[in-house]
Each structure stands twice: as structure tokens, then as C-alpha cells.
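Report on the following structure.
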Amino acid sequence: MQYFNSSSRMALPVVRLASRIAPSTTTIYADSIQNQSMSSAQKKTFQRHFTSINCNTPYQLCFLRHGQSTWNRDNRFIGWTDTPLTEDGVLEARVAGQMLRKSRMLFDEVHTSLLRRSIRTSNLVLMEIGQEYIPVHKSWRLNERNYGNLVGQNKKEAVIEHGLDQVKRWRRSYDEPPPAMPDNHKYNPARDPRYREVLDEIPATESLKCTMERSKVYWENTVIPSLRAGKTVLIVGHENNLRSLLMRFEGIPKEDIINLSLPRAVPLAYRLDENLKPIPRPDGKLDEATGFLRGEWLGGDEAVSEILDRDHKQVYDVSIKENLETNTTADQWRKWMSFVMGKPAPEMSAKALNGFFRKM
């Protein structure tokens with residue numbers, strides 16, 4: 001049985017963001033390590049964000065959303081469309097793996113969807129933590145929710161067309177699905193051979209309630225038995241599928257779930273009691289980033305809050321014309337890598353930075 005290793009705490013790097021960095025974030029965190037050694041910065045970060053991680057329980061679980069895909073970058077509704085990771089998404093996944101490696105959280109098995117953005121994220125994470133040998137279980141029941149006729153549409157354009165309140169209800173409410181996808185829709189997953197054995201199960205659209213109903217089967221029949229057997233489990237998935245699991249797991253009321261969003265590529269780690277219920281954080285409070293969760297964001301609550309604020313503006317703030325997924329400058333990347341690695345990073349593109357990361 002593997003545990004969080006409390007003796008390794010001072011070895012943790014100062015990893016605060018696994019997603020794209022807002023300019024203010026880069027400045028704040030870069031300034032925070034001026035005039036102090038990296039080891040003291042590591043200590044400060046760990047003491048603030050990792051104090052609840054210890055080996056007092058044999059039951060541990062971690063949730064992780066995939067890295068940036070091409071349609072995340074383009075701000076489009078994805079659903080079951082099989083979009084690949086971008087170069088930045090690969091880097092996000094690798095940094096998530098570094099967070100897990102430095103936390104010393106080891107896994108017995110991984111559960112993910114049939115979509116390659118989550119599968120590749122799983123593989124990259126396992127490569128980073130040196131656990132490519134463990135089983136990776138894939139199921140369509142862990143796929144993202146089907147956004148119906150919205151699939152392929154730009155999210156901000158949908159807000160302009162249908163209104164902010166309507167799009168938010170389609171995206172975040174418990175039981176209001178988007179308009180159904182017609183049979184001849186360009187991105188209808190019924191054409192995909194990976195679903196040939198579950199054609200009758202493929203939805204034309206889904207609410208979060210529908211997504212929860214299909215994920216519930218997998219959770220109860222596969223994940224829960226593994227946890228009861230003392231296995232440490234990593235679930236790599238998609239925002240709405242993970243929201244459906246967390247809603248049940250955390251007992252979030254249906255009227256509140258509309259306010260829960262999740263960042264890409266930031267591990268959310270839980271310790272569980274003998275009833276497989278989340279053990280509260282040491283301060284007894286919920287996370288500061290969402291206000292709903294008892295798990296630990298391995299990137300820190302403050303960083304997750306900034307990511308979620310960026311993501312909200314990317315979809316709903318129609319006054320912002322630029323794409324917030326693509327406006328990060330090379331200078332910000334260098335500052336970020338310098339902050340994460342503890343030494344200057346060369347002037348490189350995201351692709352080259354990924355190569356630099358691989359040579360660590």
C-alpha cells in the first residue's frame with residue numbers, strides 16, 4: 001500500500017499553476033521567491049498547501065482533469081469529440097505529473113475515458129511519476145458529457161446567440177441539457193467504431209444528471225471496490241464527468257452544482273475514512289478556490305482560483321475579444337518555468353519547453 005510520504009515534504013518544488021498563467025499570477029509568484037532560496041520557497045509553499053497530506057489513512061483518491069486540447073484552445077464545446085492535446089496541453093499534463101511525483105503519491109491503478117485527451121494525459125502523468133507499469137482502465141462511462149447540438153460551436157459565440165444565463169444553465173446546471181444532437185450531426189459519436197458495442201447507450205445530449213447516471217455505474221461497480229481493497233486510485237477525466245463524480249462524492253446539492261467549475265491539469269487529492277468519505281482538511285474548511293471541496297489542490301487554492309477566473313472570462317465575458325487560451329507570452333512561459341524549475345529556463349516555444357521538461 002502506498003501513502004503520501006510526509007518525510008519528503010521539503011523536497012517539493014514551487015509548483016503553483018498547471019494551466020496557463022495569468023500575467024498577475026506570474027508577477028506575484030515570481031516576486032514571492034525574490035531574496036530567498038528556492039528551498040525556503042518550497043518549504044513555505046508546502047506548509048501552506050500540503051499540511052493535510054499524511055499516511056494516517058490507507059484510503060486515498062485523486063481526481064485530475066486532462067490537459068489543454070485543441071478545442072479547449074479554440075474555446076469550443078467538445079463533448080465526445082476526440083480532440084488531441086495541444087503542445088501546451090502536453091506540458092500541462094507533465095507538470096501535473098511533477099506535482100504528483102513531488103507529493104510522493106503513488107497509485108495502484110488509473111481510470112479514464114475513451115477519449116485521447118484524457119488517455120494521453122494519463123500516460124504522461126504516469127511517465128512523470130515513473131508508474132507506467134500500473135493498469136489504466138478505460139470506459140465510455142467516464143467520457144465528457146455530450147453537449148448535443150452545441151458540440152463544435154464557439155462558447156463565446158453561443159453566449160452572444162443564446163444569452164449568458166442560458167449558456168450557463170446548459171453548461172453548469174444539474175438537469176437542463178442543451179438541444180439534442182441530430183443523427184446527421186458532423187460530430188455524432190455514433191459514427192465512431194469505439195462505441196460500436198454501446199450504440200444504444202450513446203446520448204443525443206446530456207445534462208449533468210444524465211452524466212451522473214452513467215458515471216454512477218462505473219463508480220459503484222469499479223472504483224468503489226478498488227478503494228475498499230485499499231488501492232490508491234487516480235481518475236483522469238473531463239470537467240463535467242468529474243463534476244458529476246464530485247457532486248455525489250462530496251454531497252453537493254443540485255442547486256449549488258451550477259457554481260462548481262474545475263481547472264485543467266491540477267491534481268485534487270483526497271484522504272478517505274473507513275466509509276470512503278472525504279476526510280476534512282486540517283482547518284476544517286472547504287477549499288478556497290471553489291468553496292465546495294474537502295480535497296487538496298496540489299497547485300494551491302490561490303492558483304486554482306486564478307485559473308477558474310480566466311476560464312470564466314474566456315466563456316462569458318463577451319467584452320474580451322482576445323483568446324485567453326493563446327495570449328500567454330513567451331516571457332511569461334520563461335518566468336513560469338524558472339519558477340517551477342528553480343533555475344532560468346531558455347527562451348523557447350512551448351514545444352521546446354516540453355523537451356526541456358523531459359530532460360529533467
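The backbone N, Cα and C atoms fix where each Cβ goes, glycine too.
According to TrEMBL, the protein has these features:
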- 65-72, ARG117, 144-147, LYS155, 171-172: substrate binding site (BINDING)
- HIS66: active site, tele-phosphohistidine intermediate (ACT_SITE)
- GLU144: active site, proton donor/acceptor (ACT_SITE)
- HIS238: site 'Transition state stabilizer' (SITE)
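Taking ARG65, SER69, ARG117, ARG171, HIS238 as the recorded positions under consideration, the smallest Cα distance to the residue listed as 'active site, proton donor/acceptor' is found for HIS238. The residue listed as 'active site, tele-phosphohistidine intermediate' counts 32 other C-beta atoms within 10 Å of its own C-beta, drawing on all protein chains shown. Rounded to a whole value, the Cα-Cα separation of GLY67 (substrate binding site) and HIS238 (site 'Transition state stabilizer') is 10 Å. When secondary structure is read from DSSP and collapsed to three states, TRP71 (substrate binding site) falls in the helix class.
Least packed by the Cβ count within 10 Å, out of the recorded positions ARG117, HIS238, is HIS238. Looking only at Cα atoms, HIS238 (site 'Transition state stabilizer') sits nearest to HIS66 among the recorded positions HIS66, SER69, ARG117, ARG171. Cβ environment of ARG65 (substrate binding site): VAL236, GLY237, HIS238, GLU239, LEU242, LEU262, PRO263, ARG264, ALA265, VAL266 lie under 8 Å away, each six or more residues apart in the same chain.
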